[in-house]
Amino acid sequence: MGSNNEDPSSSPSHPLLEPHSPDSQESFIHISYNHGPRSFKDLPFFILFLLFSLSTFAFGIFSIFHRNPDYPASLSSFSFNPTTQTCTTSTSTSTTYFLLSLNSTYYSSNFVEDLTWTLVITFILSIPICWLLLLFLKHYTKHLVYATLPFFIVIPIFLNVYWFVVCTVSPTCSDVFPMVYRILVLVFLFLVIGVIVWILVANWHRVELTISIIGVASNALSWNLGLFGVLPCLTIGLLLYYVPMVVFMVFATFNGKVVPKSLEGDEIGCVWKQDSWVPAYFALAILTMLWSATAMVEAQVYVISGTIAHWYFSKDDQVPRKSITNSIRNAFGPSVGTVCLSGLLMCVVRMVRSAVDSARQEDAPGIFNLILRCCVNAFLAAVDFLNKFTINFAAITGEAYCTSARMTYELLRCNLLSAVFVETISSRILAGIIFVLSAIYTIVVCVILKTTTSLGSDSYLVAALAWLLLIIVLGFFVHVLDIVIDSIYVCYAIDRDSGEVCKQDVHEVYVHLPISRSSRQSNVVTRILGV
């Protein structure tokens, strides 16, 4: 690499790029947290997002006023008139709105009442459960992890044996599911449990470090509990943003007319023909909704990362003030274009991945298709992985997306840090913990329903729905904690790059992270060449 005069990207005039030493032959990136006002970045993508949204709303309003009031609830009310060569209706009134009858499925009032109360109580209890889980992860991380690790094996074994015994005892299940198939499923599930045991044993030496990382992240999250109020509000805001779009799409189906169509033989019937612009509007609305969803996810990551970075780079004896407010202001202000660009990339990645999965289900023959799918999946995984740390970095520094991606790569490469360790091990342990807690809760709920209600076999369905609700809430908690872990990881890398120590307890844990394999190999080569 050339000198600083020859490389404008490493010039000290840039606020985030400064050489560590003027005498060094290689320029280094010096990165710092941006506390001050930030300039707007990636505005063209925000303008593009606005065009998509405004177009969706404009055509949606047009669809309401341009709808056909003769939209039929049933085409049977229309008949072909040979005299006028058109379809006419014999009814005196037209129907614009219609209801769907749901009488095909009937549940007793006891079932509905018990289900409602169970879900309400589960949702109320999920809040203190999350708070207690955060408290235990902060102060008793090792005890909680080691207490739940055996349940990673015990609960799957119990459930596997339980379903086998219940199905064997039940005459209905025995007739539908023969013994041979039950044994095959039982053995297969035991093999899966064996794989889980092998994964735990193979990664046992990493558990201790992962416990410390989770404890540090839980401490950081406990200083910013306001995030649990802000993030659901952002999700509710997205749902409110979706409501008019859904209404517009419903009214868009009312745009068209009933036209005659030749059927079998000489018979002419009446069919509903939508206007030609309606399918295009559906595509526009769906793309806008998908982009909005991924952009909101990235905005939440931005808010969490900015809040945690504000806590990390503040003094130990100071409580961060307005950190969440500043992060929200930056996410929907100067960095709104960066958030939209990141959301657009994630939207494209998910659409391409969905297309690849669809092609896999079609079983397209040929080794070329197999190699192409592997390459595409590897590329998409790399983009997803890089994007995650890029939005963390953008929230910390306020840089544009492409600049953040380049600087994130250089930051992690220069400091020899292994991001895979942080990403995979901690996420799996946290997922296992919430699975154990939700499974124990579901078993307790099922026992209570069996002993106190007359639901019978329906109690399993109610308990399963309670488990689903609790796992969603706990999954949201783990999702936030995962982002906190990634944010602290980037903050530590910035600290390490600048030679500073902003949080001593974080450094005492993250200093034990293994270096990346590629960096280790490059260091060996450098030492050999130096010798």
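Each Cβ is built from the backbone N, Cα and C atoms, and glycine gets one as well.
Automated prediction, rather than curation, is the source of TrEMBL annotations.
Range 43-65 is the one annotated as transmembrane segment, of 43-65, 227-249 (source: TrEMBL). In summary, the transmembrane segment (115-137) lies against the transmembrane segment (461-481): three or more C-beta pairs, each 6 or more positions apart in sequence, are under 8 Å. When the stretches 43-65, 144-165, 429-449, 461-481 are ranked by Cβ pairs under 8 Å to the transmembrane segment (281-312), first place goes to 43-65. Of the ranges 43-65, 144-165, 429-449, the one with the most Cβ pairs under 8 Å to the transmembrane segment (461-481) is 429-449.
Sequence-distant neighbours of the transmembrane segment (43-65) (same chain, 6+ residues past either end, Cβ-Cβ under 8 Å): 244-245, 247-249, 251-252, 254-255, 277-278, 281, 284-285, 287-288, 291-292, 295, 336-338, 340-341, 344.
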